[in-house]
């Protein structure tokens, strides 16, 4: 059924198709239809960050930026749902067109630019949701906030979403907000992590619960840079790392229609680079910090490869666009079939 739906959706512009799909998934969730229309994955519970996941396959941030279809995505069989990236204030993002399909490579290029309705709008939708599973909220900075003041935006979002999130992801790796990726390095990273850790401990005391913090990183760092990030995450007391965001590289899409568009590349071409980052992180972290792997999962076996590389959980986005809900089940089955 999804194959037919995709054929129809792919006749529309990518962003129109995205918005329509979100509306349909959201409506199906409100009516309780999605679980009836989609075969559910087998139960494969796992505990990570002190949280209990129904299965290790989640929705990556970016697909549902405003929390418009939380119930709908959960009913499709995801073991957890991550929404956002959300910023303190609403912002329109970059000019259109800003989303490009490259079906020949099972890939997508986007330069959306954190378009979202703001953190208060997102929280209203979260509180209206009936979903009781693991919900991640991905936070970022506003486009017009100077990078040297980025910490302020992250702290605003952290405080606002704290009581409504199962875990919180700090996005310092989108390539579509100028200067953002500089926060992954050196003193900038240390200062941000220390500020987040300090505020989180204050919130844990005042709210009576400690919400895990994850950092989402890029796949374009050298092994040495990745190792430095791993050390900083452990030193600051972060709870997880998400590897990875989109890549600025164009391997696998050179010469293809839209392959030269600016923005972050996701989908099949980023698989190898992203999984390599997982392996490097696993070697550096030594099991002290869980890894959530995202990037390039377009077949069930790719999810198993991420787990074998050292990840505890996986997330999908572009693969879901191309393969539909069946990919969730395939990924869960592939992980379940791994030797114990």
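Just so it is clear, glycine is given a Cβ too, placed from its N, Cα and C backbone atoms.
Residues 110, 111, 112, 113, 114, 171, 176, 245, 246 are given by Swiss-Prot as substrate binders; from 39, 65, 306, 323, that same site also lists 65. Between the candidates 32, 35, 118, 296, Swiss-Prot assigns the FMN site shared with 61, 62, 63, 64, 65, 85, 138, 171, 216, 244, 267, 317, 318 to 296.
Among the binding-site residues listed (111, 113, 245), 113 has its Cα nearest to the Cα of residue 65 (FMN binding site). Under the DSSP three-state reduction, residue 138 (FMN binding site) is assigned to strand.
Neighbours of residue 138 (FMN binding site) among the recorded positions 111, 113, 174, 245, defined as a Cα within 10 Å of its Cα, are absent: none qualifies. For residue 171 (substrate binding site), other Cβ atoms within 10 Å of its Cβ number 27. Least packed by the Cβ count within 10 Å, out of the binding-site residues 113, 267, is 113. Classification of residue 216 (FMN binding site) by DSSP places it within a strand. Between the CA atoms of residue 63 (FMN binding site) and residue 111 (substrate binding site) there is a gap of 13 Å, rounded to the nearest whole number.
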